[in-house]
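Visitor: Not my notes, these are from TrEMBL:
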COMPBIAS  19-30  compositional bias 'Basic and acidic residues'
COMPBIAS  41-63  compositional bias 'Polar residues'
COMPBIAS  106-120  compositional bias 'Basic and acidic residues'
COMPBIAS  124-146  compositional bias 'Low complexity'
COMPBIAS  199-209  compositional bias 'Polar residues'
DOMAIN    303-365  domain 'Chitin synthase N-terminal'
REGION    1-92  region 'Disordered'
REGION    106-158  region 'Disordered'
REGION    199-218  region 'Disordered'
REGION    939-965  region 'Disordered'
TRANSMEM  721-741  transmembrane segment
TRANSMEM  761-779  transmembrane segment
TRANSMEM  791-816  transmembrane segment
TRANSMEM  822-842  transmembrane segment
TRANSMEM  851-870  transmembrane segment
TRANSMEM  985-1001  transmembrane segment
TRANSMEM  1022-1046  transmembrane segment
Amino acid sequence: MARRKPVPNSADFVHLNQGHREDPYNEEQHPFINEELPRFHSSNEQISQNNDPSLSRYSTSSYEAAYGAPQNEEHSSSVDSRPPPERYQPGQPLQTIVTGETLELEDHAESSNEHHHDPFVDGYSSSQSLPYSHHSQYSSAHSLSQDPANAPHETLMGSAFSSIPKPYSQSSLPIYYNTSVDHFEYDTEAYASGTNLRTNYLSPRSRSPTPFGDDQDYKLDANNVVHYTGYSKPHNNYHNSEKVGPYDFTDEYDISQYADVPSEETFADGGEKTPSITESEAPIETRHFGPAPIGRMRRRLKKKRVQLTNGNLVVDLSVPPKLVLPYRGEPEMTKTRYTAVTCDPDDFEKDKFFLRQIESGRTTELFIVITMYNEDEVLFCRTMYGVMRNIAHLCSRKNSQTWGPDAWKKVVVCIVADGRKKIHPRVLDCLTVLGVYQPGDHMKNMVNGKEVTAHLFEYTTSFALDPNIQFKYPDKGIVPTQIIFCMKEKNQKKINSHRWFFNAFAPMLQPNVCVLLDVGTRPGNKSIYRLWKTFDVNSNVGGACGEIAAYKGKNWKNLLNPLVAAQNFEYKISNILDKPTESMFGYISVLPGAFSAYRWIALQNGKDGQGPLASYFKGEVLHGRDTDIFTSNMYLAEDRILCFELIAKANSNWVLRYVKGAIGETDVPESLPEFISQRRRWLNGSFFAAVYAIAHVGQVLRSGHSTSRKVTLMVETVYNLINLVFAWFGIGNFYLFFVILSSSLENKAFGVPSIQYFNALVQYFLASIIIACFLMSMGNKPKAAHRKYKLASIFLGALMMYILVASVLCGIAAASQKDGSLVLFSVAITCGVYVTSSLLAFDPWHLLTSFVSYLVLTPTYLCILSIYAFSNLHDISWGTKQDAVPDTDLGAAVQDSYSQVDIQMLAEAADANGIYEDALEGLRASKFADERASKVSSQVSAVKKQGKGSTDEKGGKGSSKQKVMSKREREIAAMDYYADVRTNVLLTWVLSNGVLLLLILSGASPSSTFDPEMGISRTKGYLMFILAFAAITNCVRFAGSTLYLLTRVFTA
């Protein structure tokens, strides 16, 4: 970075000359400016002097070149022979000052001081060609290579006044200097053109970031004119840090000094613009070489008066010029619209807010919402890129009556971020690079005294970012995408994000189909089209879901994690057996919010305000503290409530469908604490939602379904009830099977002596682990006790391996018995259903990669997950805390009498480019460093907030203290109520499973279960009953799955 030296004052020159009083400075001895001198000279003459060894090593002065006088050996005599100079007169324009090379080289300065050498000549031996063909014809001997305050008197006098500086001239041949110094490594190389030689022009200026018009690199001191060139960073061998004197050698180009420069104002009424800086219009050519200034300049702002639209702040922002736009000339691609929303989602249209699609008169066929919280940029780009690939597929369908080359105009993508301060910063960088998001002073916390609830950005992007953060343009198949980015001011949970989508934006666009996606879920290239096609073919389909698949990573490397592999098997079996069976019934218990679709008109409420959406959003206003624990936990799985309300809608016959082939890959938890927390919400929500659906089955009978459909739905309700009962006794049945199968090995027929001692040990060990899980679940969060949960899961897996070995041995023993065929048949049916259904679905790979992991982790599903879920029924949170206090960091916008507000906007296109470059730089930054800093910052913020909260509680007085305490007492009462209900449900669950164990094991001999002489004992009978029930259930699932595949073949 080029640095400027502070200009010395006249007192410093007096100090310099005190040691040389025998040769005081006299203006008659040192001419500097003489208009009568010739301005041009030959460059070839200079080259010949440098290359001819017979010439003197001292360069010929410009005085000798002008007058032909010989140069004397002594400096004093050559100075005495010069004509008197012209004194500088105030107001007199100066000649062009030509900047030459600097000689401030830290390594060579010491050697030049040790060896007395002529200060007028660059006397280094080797010659080299500078890399430019245009150079100044006077050497750097005519400029100061160091601060005049520290320069020797001979150097000061000789450098500044020994000869008249010659104007710049261009030569076609490069000039060779006798120097081995690489000036580009040490100092700034500054060259000026010298083409404008008239004195009425200003002197050429360096292209440094200074806005001052009178900032020139010279010092006028009486008759002395000293010019500073290329002064670089000071070094220890030049200055003594303890004796700096009046000069600050660390002076740099401080960008902040220009922050108060008068800015330009533009007004909506067409007022005149007042320029902040007045510069000469002379066509001065200036070239500046060397390193660029360090850091980015502070962006300059100008005040813009914006007319409010219907009382709302709406601003059109120009996208950065550096943004690559494959489609130019389209306003929706060159302008980003910002709207400060100051209302509730339900009042969006009533408060006269609007969207771009309404202005253009476009019809929206597909409306896609992507909800996110604090996910990183990789997950965001994975989802966004998948959506854009799907839109490209819609544009490629040339024979479709709905889609085609302009299909992108019928698709709108809405991104809803849950909290302005919660969103990941690199996700904002991605949105900035795409042109969607622009930070700045246009974003406000308040508009006309109204609190801003959401920041809305609208833009049509024409390229994409893939999960590897690589740009993808139309040549890769990307088409334009209409994007609405809604960044909520507060964190208010996912259900509130859906309320913005369904109640604020969808009523205005009136789409045909709404698609729901979570960040981290990547739909297949044709998945969204296949979902839409289901609605297009079947008019009574109200909702549909695709196949949720676990993200397995590159080369399926994530399956090496047993937890991921187990979830992969679970998802596959659900998509192959459960979802197709429920689809044939017409009611799918849950359409995953991560990837599902709904028909817009099917979601509408009735005239009485009751309907699917009303029931769906009821969970948001409850907040869990003003209602019973049953409803609160039920709305942890609000998507299950939406599915039931849709098929039970009065006077309607909507059904739900599963769409095979509409694949959406989603990230699954890779760590046990995250997995436990996720399943706590799922298990509690699904349990109470299933109870709600069974209890309100009468609504189905009052719907508009046909009689046959109602009977089918009743059968499914009974099927769900049976599954719910067996899920309730899951932990008891697991312990029963463990005790029965392990104790059976004690029979003499198995030939394992003394096995009873080992069985007693492992049975007590299993009971101890279960008790420990209860204690950990009621006293610790999974993240705080992750090591304990991990050990428990490992021990349970080891016990499961033992029980698998015992099952094989017991199965072999049962094969030789007359009544043992039922046991083998049940096991064979269960395994055969898994294998056959997977083969029929042409998706058998999960059996090879994930089946073993699922078997080993089955005790974790039955014990750890169930115990933690029931032990935390009182926890009705999503794991995130809602924001209650509004922020004021963005400022407020207040209108004047003309309904106008003043907003600071970016002054130049280069400033907008700075935002774009900052976003690119943010994406290049280290991911782990950013996560670590974010984590530390959040911890510090939490500690400060906690400290502030405790201070407020202690500092309150009078009525405010009474109000806070009253609210606190209400919260405590609600928590006590929830804890009491939790205890009752947990106690009921434990006692009921305990009673089951007593009924089966008391008075029975588990060791004689497979004894051929005992016949059918109580333990053997119960074992056969459970296996038969599992076989029947799997047969039902297999029949439904097969029927779905056949229907899909015949109906395409």
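Glycine is no exception: its Cβ is also placed from the backbone N, Cα and C atoms.
Those TrEMBL annotations? Automatic predictions, nothing curated.
Since we're looking at a predicted model, the values are computed, not measured.
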Visitor: If I count Cβ-Cβ pairs under 8 A between the transmembrane segment (1022-1046) and each of 721-741, 822-842, 851-870, 985-1001, which range comes out on top?
Guide: 822-842
Visitor: Take a look at 721-741, 761-779, 791-816, 851-870 and tell me which one has the most Cβ pairs under 8 Å to the transmembrane segment (985-1001).
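Guide: Maximum Cβ contact count belongs to 721-741.
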Visitor: For the domain 'Chitin synthase N-terminal' (303-365), what are the DSSP-based totals of helix, strand and coil residues?
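Guide: Secondary-structure breakdown of the domain 'Chitin synthase N-terminal' (303-365): 12 helix, 20 strand, 31 coil.
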Visitor: Between the stretches 721-741, 761-779, 851-870, which wins on the count of C-beta pairs under 8 angstroms to the transmembrane segment (791-816)?
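Guide: Answer is 851-870, with the largest number of Cβ pairs below 8 Å.
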Visitor: Who are the long-range neighbours of the transmembrane segment (761-779) in its own chain, taking Cβ under 8 Å and residues 6 or more past its ends?
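Guide: Sequence-remote neighbours of the transmembrane segment (761-779) are 731, 735, 738-739, 742, 785, 788-789, 792, 795-796, 799, 802, 863-864, 867-868, 871-872.
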Visitor: On the 0 to 100 scale, where does the mean pLDDT of the domain 'Chitin synthase N-terminal' (303-365) fall?
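Guide: Taking every residue of the domain 'Chitin synthase N-terminal' (303-365) together, the mean pLDDT is 86.
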